[in-house]
């Protein structure tokens, strides 16, 4: 019987199906094949070559089917010739074959081909030839046969390999289902109504992510900390058990100092347990807030508003040109113009600052569009034009060189106008005062019957006049009542109107630049000088910032506030966007502020006095970011306005137990639940209730809270706002609104309110920044440290030794005030993490280390004077302890350098200045703090001058200026005493009958260690070309003579006692 009677042409190859006469025989063969060494297959897969020869896919011997089929039982197994489809491509070059009218597309059934063939075998054996048509239909259903053109050549012409792309094109095959390809003809699943557009929607993406420090660095770091802690415990125990009987006083002093140093080290190292890094996704921020969507069809910006605060107080010490450049960098920032506002607080009420800002706003009309047109990254004009790099790099517009040349000339003229303002104001005021004097004399002559009275009878105040002929309401050049520092009216001047919601494109202008197609709008800018009157406590910078908070809430009410010092400018024009990635991300509603690192320019290359402070900004702050967040350090910080108002976060945790190991969700605190609060609740958890009597300000609070919420575009986003809620334009300002803003900056507005206590910047400390950040963390808020690839902001720092020490003195004094106040971390709430509490505790304690540091710096000299040492002898135990503790500290420092990115030289400079500041500024700060607490002596500080030195050609001229201060006394004494002690110790040992070289070497080692830390201080005293002030010589000689006479007197007395 002929079992196979029909040939199927499938995709250029032929499937031949043959079978033995009986089904059990096939099964027998199959079972025998499984038992043999190489199994025989019941179904064989093969291909036909161009010569007609059949080649098996199952690696059996080739099958010769080139001739006619000789008989019905020539082959006992099926042979299926597989087509070269994407699911089954040959492993060797295939030849060109032709087919007739059909092709087969193998699906998931291809993998089950042996099983299917077995089933077909059963059917063929049972039905015979009459079931051939049914078998063909079943095969077609299984293999999805579809028609195609028979002119296709699927193999590549040169290599003969299978051409997958041509197969897809000519067979109209598909890749399946997904966002790369979607066929409307294919149906997947039941009642599916999907299309390609459903796959083109971008998935939800986070705006920021947390990057852990590699375990290969962090794990050894933690292990070494534990090892050193254990070593310190053993060492201190050994020191206590082995006193020096020859010098108990020296041993006692050293033990006390070493115990304190170990305690101080623990306070510093424990908060560094979990350092982290963070990154932002600016592209995701733009896609989410500035791209067309169903809620935002026109693609307007849905970002929240930002109010930028700039603070200044004295134009003599803070040059107006520096402040103007800072303002220009803010106005040109890469942020939606209609969402950005800039405020400057002039706490001195100086007309020089006012008119400099007016000039800056006028120059911004061309500078801001120029930056947008040519995509300038550095938008501080002074820094931009002083760059030493190639300005044409990555600039493609052909008119860039011409535009830059024109802008440089405009900026030079702008600088000349700013520099000429003091003289222009003086001449103008003199002219107006002369006119007023003439009017007064004319009026007096008329009243006196045409006779001019005596000269003293006509008195006209020497006022300061503005350009429009009106008297300046602030501080006059010749200060008088109502017009002097601490006694002047409040001033608020909106110098630029609220920008329109739609872009305003520029036009070609022959006198200016061609701004065609460039948005020429500039953000709103306002000059603010709060009212000051005698008898009111104005609370220094904190009071000025709170006045700006209220005024900005009435005028613009941006839900976020960025505060900058007048010398810190935007180095990264997208810095606001970087911070917004955290505020608008999932969980961003719990963040109270974003702290950016402080970076400085104009620092000497060696950074002699550790002005960059990278150990703190890149080490300690990164570590705190892994806890509850970094501390607030005064500038470069973006606040959530609602958090500044003293409210609690929407969600917070409480940390219970001795070490805060138990965490639980903190209960909500609502106003109507105040009576239900336990008596032990922390006062920081009480909601503020007294914001002042301004209804406009009170109404703005809820608006700021809502606008500051993240976008509710994902189920994981809690406390979010709907998309498109911030697309409405801001209303223009009117006279009533401006009048209300002037009222809230009056000196009496804060009376009987919670400002400075629970609301805004906190009063009572010269370091109001640290206290303000602490109070927010104490309520359960979190903060984030934002380190950008390109520095967000850059500023200046004092490189003069005297100015640097006074800066450190102010910080240390504020820390002492914190320690003796209710803001001490020991009294913090349960919402403060344990390690975060340790960090804030260290902030208040570190100045007290100065007492122990000064004592320890004198111990080597005392050892050399007396011929004794802190231990009985330099035995092996002491040396081993000293070696292991030093090695572990070195390894810890090296690993800290690895995860923080701090350079080794920067770390050493920080260690040196820690010793210099600890023996000078910190010591004086503790004394001042104690005087304030005990005797109520108020502490006052002056602004650090930001002017250049006498040599204008040398940008480091200030570095060599020596300005004597009382802070020099203690470090200079330590240096002189140690030098004299080295000379005396060496002389006594050399001329001694029984020299004790061990004690001498121990004293010399520690003396040189102290002197190496004081080396930058010595260089600062030497000045340029050895110009040392006379007082340095006088003080050094006085200390040397006193110490020498004291030593001679003591040694003579001891020698006399020995002779007796």
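Each residue, glycine too, has its Cβ placed from N, Cα and C.
As the structure is a computational prediction, the values presented were derived from the model and not from experiment.
Among the residue ranges 603-623, 624-644, 645-665, 666-686, the one that TrEMBL annotates as region 'Disordered' is 666-686.
When Cβ distances are compared across the two stretches, the transmembrane segment (997-1018) makes contact with the transmembrane segment (839-864), since 3 or more pairs at least 6 residues apart fall below 8 angstroms. Panel annotation: around the transmembrane segment (215-237), residues 255, 258-259, 262, 265-266, 269, 273, 275, 881, 884-885, 888-889, 891-892, 895-896, 898-899 of the same chain, lying at least six beyond its termini, place a Cβ under 8 Å from a Cβ of the stretch. A simple Cβ count within 10 Å picks out one of the binding-site residues 317, 540 as the most packed, and that one is 540. Checking the binding-site residues (311, 317, 347, 540) against residue 565 (Mn(2+) binding site) with a 10 Å Cα-Cα cut-off leaves 311. A 10 Å cutoff on Cβ-Cβ distances gives residue 347 (UDP-alpha-D-glucose binding site) a total of 23 other Cβ atoms nearby, all chains included.
The C-beta environment of residue 311 (UDP-alpha-D-glucose binding site), restricted to residues of the same chain at least 6 apart in sequence and closer than 8 Å, consists of 344, 345, 347, 541, 544, 545, 548, 563, 564, 565, 566.
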